[in-house]
Each structure stands twice: as structure tokens, then as C-alpha cells.
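Okay, so here's the structure we're looking at.
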Ligand SMILES: *Cc1c(COP(=O)(O)O)cnc(C)c1O
């Protein structure tokens, strides 16, 4: 992360005011260093913009990684949070609350879940996947299938489903029985399922952390058909793709008739408030966990549920799913038009407002640094892919301003990459 530091010293960037420097120093002296050196200290947000400790403004094209569905300080979220905070924030799960029940019903309705379906609330994506893992174990079958390049979270069970060696290796042994298959390979899937001892297949409709890699409709249909035929659960991790992000309530709904057995959610569900959910479809999947076999203290508390209901309500009322679809298509067209003139951009993939812009050279991290200098927040999902997951309230004009700036960001990134190479040589 030293790149960030040398880059930023030019103007009003990383060096910052004494205040910002002080905060950065206190961060590194007080936090466990798992996230590296933070790029900026952010102090305030409104709509699609955030401000750092130096007062510099940024267009937020990352939305807290697909979390801030309604941007920052949205009045509907503030109102719901404030009202519920003054009514009932938390009770134990010995008790039910109206907001929690209403949210469960709303999610089942949006997911078009059949009679006998159910919801378990969590506080994060990884916890949703932990619950899904336990549901899979309850089938009594020993094997679980996940995909290469998958990301399902950092706790031990979710980590066991995550493919990346660097994340897994320091923490082995992980819960056993998980096997990884190449994404998109139907023959490999069929062969793996054939013995009839697979509990579940877990996959992301679009592999977000891997670089916004969509699975094809054919593969997802095959996954549904083959798991059903061999009595395995199909678990869809929609932690990143769910809640309107791709222009559907849940990404798999773009494929008519496709219904998972289990779906996991988090990220956008609370618009920034930590809440996740697991949906089980139909009586079989819903019945796998019996009383006492799982639990949570905070999951589904009335404050989180109230905020989530507000997020879902505003997404629907303001037509933000349709907007995500339209803006995604327009953004792709803009990027492809630019790629036609600028060979440093090779393409764009994704759905709605989850998009990956692919680069010819592995300079995505340098582009991210240059973008910050120019007032844009995005991230490098892998060395040659820029990920955009902006608030769904973003405008076409705002997205256009980024596309317009992109060639200059690439210039700056190329310069930075070249100077790093020079440093290495000398
Ligand atoms: C972010 C993410 C997770 C983990 O969510 P956390 O809230 O960080 O635990 C799991 N699965 C997918 C697909 C994700 O994008």
C-alpha cells in the first residue's frame, strides 16, 4: 500500500492536513493490520458522494462494496433508523418483533418463495453462508461442491467454501468435505454429483470478488437441473448480487423459473446497516435445521429489520431496479464505445450496477489510486479488472463523468506502473 502514499503526496491527497495525518497514524497504531494502509479517512457522505478528512469530495462508485444501495444518509434510511431507535432497538430471540416478521414475509414475497419457505437473519454475508453450510451438513451427505474463484466469506465455514489459497492456507484445517469445480463446466458438475452423496452445490450467480465473472444462463440452469436430479441442494450466494444490485431483486431471477433451495444475502440488504439473511425454499430445505441447531444474538433485531424494510421499500417505490438495469446497459455501451478507441480497455461484464471493466494490462490497482486523486472511489477486483458497484441512486451523468475521466486515469496508472518497474530495476 506504499503506492498509495507516494502517489498521494502530489496534491491534496494522501499527505493531507495534520488532522488527516494524525488519524492515519492513530489508525495504524490501534487497528490490527488486516486491511493494509487505508487509502483515505472518510468523515461524511451524502447521496452518491463522500468526503475525506481533508474535505476532498469523491464520487462513490463502489458503494461500500455493493452495500450502500441508497447511497449515504438517505432520508428514508435515516428516518426508519431514527424512528426504530426510539421505539425498540434490540430484544433477544426469545421474542419476535413486528419489523422482523414483516421483513421475513417481504423477502419471501420478493424471492417468490413457495409455501413452507423460511428466513434466518444474520449480521453479515459470511454468517449467512455459515448458516447455509450448516443446513447443507444436515442433509447427512458428506460432500459439498463450490466453484473455483469463489468467495463466500472469512469465517471458517464460509472460508472452507472460498477457493483462494492465500485466504485459506493460514487457517487450515478448515471444515472438510468441500471440493472445487471449474466454473461453467457442466460435465465436471455432472460427474461430481453422480455418486449421489453431495449435500449441496454453492455458487455466486456473478463471482464478484473474483472480478465480476458472471456464470452463464446455461450453466446455472444445468446446476439447478443436476442438483435436483441428484438430490443435492442448490445454494446461491447472492450476498453481493442480491437486493436490486443487478436490476433484479435477486440476480438468479433474470433466469425465468430458476429457484434455488437456499439463498444467502447481506451487503445491500441493510443499505449500510449490518444485516444478512438466509432464505430456504420449500419445506425440505426449511426443515433441515431444527430448534436449537443454530442461533444468533443480533440477527434480525428490530433496528436492522426496520432499516432493511425501508431500503426495500425505497428501492421499489423509486423504481431503482429498472434504473439499475438501464444504467448498467448504458454504462456498458459507454465503456465499449471507449474500448473501441482505447485498446487499454478490453471489455466490460456484469449486470445492472455490478460491472467489471477489464484492462489489457494488470494496472487496475494503479487506476484505483489515480481515480482517488481525481475524486472517484472504485476498486480493483483483480489486477486487470476495475469493479463498479455504486449506489443504485447514481445518475447516468455521474457514471458518464467517470467514463470520460477514464483515459486520463489510465495515463496516470501507466506512469505509476512504469515508475514502479523502474524502481525495481534500479
Ligand atoms: C462480501 C461477500 C461475502 C462476505 O460478506 P461479509 O459481510 O463480508 O461477511 C460472501 N459472499 C459474497 C458473494 C460476497 O460478495
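Just so it is clear, glycine is given a Cβ too, placed from its N, Cα and C backbone atoms.
A quick note: this is a predicted structure, and the numbers were derived from the prediction, not measured.
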Residue among 95, 151, 273 sharing the pyridoxal 5'-phosphate site, where TrEMBL lists 125, 126, 237, 238, 239, 240, 297 as binders: 151
Minimum Cα separation from residue 237 (pyridoxal 5'-phosphate binding site), reported as the residue among recorded positions 154, 267, 296 that achieves it: 267
For residue 240 (pyridoxal 5'-phosphate binding site), the one of 154, 267, 296 that lies nearest, given that the recorded positions are compared by Cα: 267
Length of the line joining the Cα atoms of residue 238 (pyridoxal 5'-phosphate binding site) and residue 267 (N6-(pyridoxal phosphate)lysine), in Å: 9
Packing count at residue 296 (N(2)-acetyl-L-ornithine binding site) (other Cβ atoms within 10 Å of its Cβ): 16
Cβ under 6 Å from ligand 1: qualifying binding-site residues of 238, 240, 296, 297: 240
Nearest-integer angstrom distance between the alpha carbons (Cα) of residue 297 (pyridoxal 5'-phosphate binding site) and residue 154 (N(2)-acetyl-L-ornithine binding site): 19
